[in-house]
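The structure under discussion appears below in the form of structure tokens.
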Amino acid sequence: MRPTLLWSLLLLLGVFAAAAAAPPDPLSQLPAPQHPKIRLYNAEQVLSWEPVALSNSTRPVVYQVQFKYTDSKWFTADIMSIGVNCTQITATECDFTAASPSAGFPMDFNVTLRLRAELGALHSAWVTMPWFQHYRNVTVGPPENIEVTPGEGSLIIRFSSPFDIADTSTAFFCYYVHYWEKGGIQQVKGPFRSNSISLDNLKPSRVYCLQVQAQLLWNKSNIFRVGHLSNISCYETMADASTELQQVILISVGTFSLLSVLAGACFFLVLKYRGLIKYWFHTPPSIPLQIEEYLKDPTQPILEALDKDSSPKDDVWDSVSIISFPEKEQEDVLQTL
């Protein structure tokens, strides 16, 4: 029994040695793609890698992507399985959500991807990436379509979520608002489940700046993914009724005071410079038309011109009585005087 056992051991060692010394499969001598990475931003699911460069081949290298779920077999990433074609492609990117944001892998599934390069009958070794779950590993962006409506001492904020969640019982968004009076201290209000938030008790007619932030909560694994802040935007609150009334009163009083000052200044100037003002507004004397014509044409008799132009209404005379005395009576009267 011992010689038989010894020969069996020697035979097994020979087989292992032959297998170890055998050259690798020539069909798998293609370099593998380098630095593959999966991008999970909002609803996006994109796999990218660096291209395989070959100096001795003019044919393009193509790539094949496969995926698997927990305890499942490997599937080829094609139209039938995932909705996009990532088989025999020359691109160095596979966008699983290219068809629509709702496409791609289920966000709560455990997904593993692998990738290899191919050139004719040659292919590289598979490059397997670590598994991921979208809700666990996603980068959440800021809320979108932010609209702010100023109110009386308030700001009403409306927006949409970073991406749609099919089943809100397993995962949902809550929101926070970071706001501050311009030049003041920042405050945070939240969390809110609603996509409409009202900031109340703000000072009227003041400028406030704000940023909105989303946070993803996955109930199944009790995971929180804090999102990015939105861009800073500033708005001025409206004045309330009492403030508007005060402004109207102040404007009215200011206008009346200004008009009073202007009226007083004008009256003072009129008194001080009345002679000059009278001189400015006095109508200069004019020569009668008949005399002006006579000066232009001295040969024209002035009296005839006046008689010609005068109207009958202007020919008015007083009655004149001529009393004559005899020469003797006239001397007596003179002596009496």
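Using N, Cα and C of the backbone, Cβ positions are placed for all residues, glycine too.
The shown structure was predicted, so the numbers you read here are calculated from the model rather than taken from an experiment.
Annotation comment: Swiss-Prot describes Cys86-Cys94 (among others) as disulfide bond. Taking Cβ-Cβ distances under 8 Å and a sequence separation of 6 or more, the neighbours of Cys86 (disulfide bond) in its chain are Leu47, Tyr63, Gln64, Val65, Ala77, Asp78, Cys94, Phe96.
The Cβ of Cys209 (disulfide bond) has Tyr179, Trp180, Lys182, Ile232, Ser233, Cys234 as same-chain neighbours under 8 Å, each 6 or more residues away in sequence. Annotation comment: Swiss-Prot describes Cys209-Cys234 (among others) as disulfide bond.
The average pLDDT computed over the domain 'Fibronectin type-III 1' (31-129) stands at 94. Positions annotated as domain 'Fibronectin type-III 1' by Swiss-Prot: 31-129.
As annotated by Swiss-Prot, domain 'Fibronectin type-III 2' applies to 142-240.
Among the features that Swiss-Prot reports, N-linked glycosylation site is placed at Asn56 (among others), with the record citing experimental evidence. If you take the C-beta of Asn56 (N-linked glycosylation site) and look for same-chain residues 6 or more apart in sequence within under 8 angstroms, you find none.
Neighbour count (other Cβ atoms within 10 Å of the Cβ, all protein chains): 16 for Asn85 (N-linked glycosylation site). If you look up Swiss-Prot, you'll see Asn85 (among others) marked as N-linked glycosylation site.
Taken residue by residue with DSSP, Asn110 (N-linked glycosylation site) is part of neither helix nor strand, so it is coil. Annotated N-linked glycosylation site per Swiss-Prot: Asn110 (among others), in sequence order.
Taking a C-beta cut-off of under 8 Å and a sequence gap of six or more, Asn137 (N-linked glycosylation site) has these contacts in its own chain: Leu40. Secondary structure at Asn137 (N-linked glycosylation site), taken from DSSP and collapsed to helix, strand or coil, is helix. Residues or ranges marked as N-linked glycosylation site by Swiss-Prot: Asn137 (among others).
Positions annotated as N-linked glycosylation site by Swiss-Prot: Asn219 (among others). DSSP assigns Asn219 (N-linked glycosylation site) to coil, not to a helix or a strand.
Secondary structure from DSSP puts Asn231 (N-linked glycosylation site) in coil. For Asn231 (among others), the entry in Swiss-Prot reads N-linked glycosylation site.
What Swiss-Prot records for 1-21 is signal peptide, and it gives sequence analysis as the kind of evidence.
What Swiss-Prot lists as topological domain 'Extracellular' is 28-247.
Taken from Swiss-Prot, the feature topological domain 'Cytoplasmic' covers 269-337.
Through the fold, the transmembrane segment (248-268) approaches none of its own chain's residues that are at least 6 residues removed from its boundaries at a Cβ separation under 8 Å. The transmembrane segment annotation in Swiss-Prot covers 248-268.
For the disulfide-bonded residues listed here (Cys94, Cys234), the lowest count of other CB atoms within 10 A around the CB belongs to Cys234. The glycosylation sites recorded for this entry are Asn85, Asn110, Asn231, and the Cα of Asn110 lies nearest to that of Asn219 (N-linked glycosylation site). For the pair formed by Asn231 (N-linked glycosylation site) and Asn85 (N-linked glycosylation site), distance between Cα atoms is given as 36 Å, rounded to the nearest Å. Listed glycosylation sites: Asn110, Asn231. The one with the lowest count of other Cβ atoms within 10 Å of its Cβ is Asn231.
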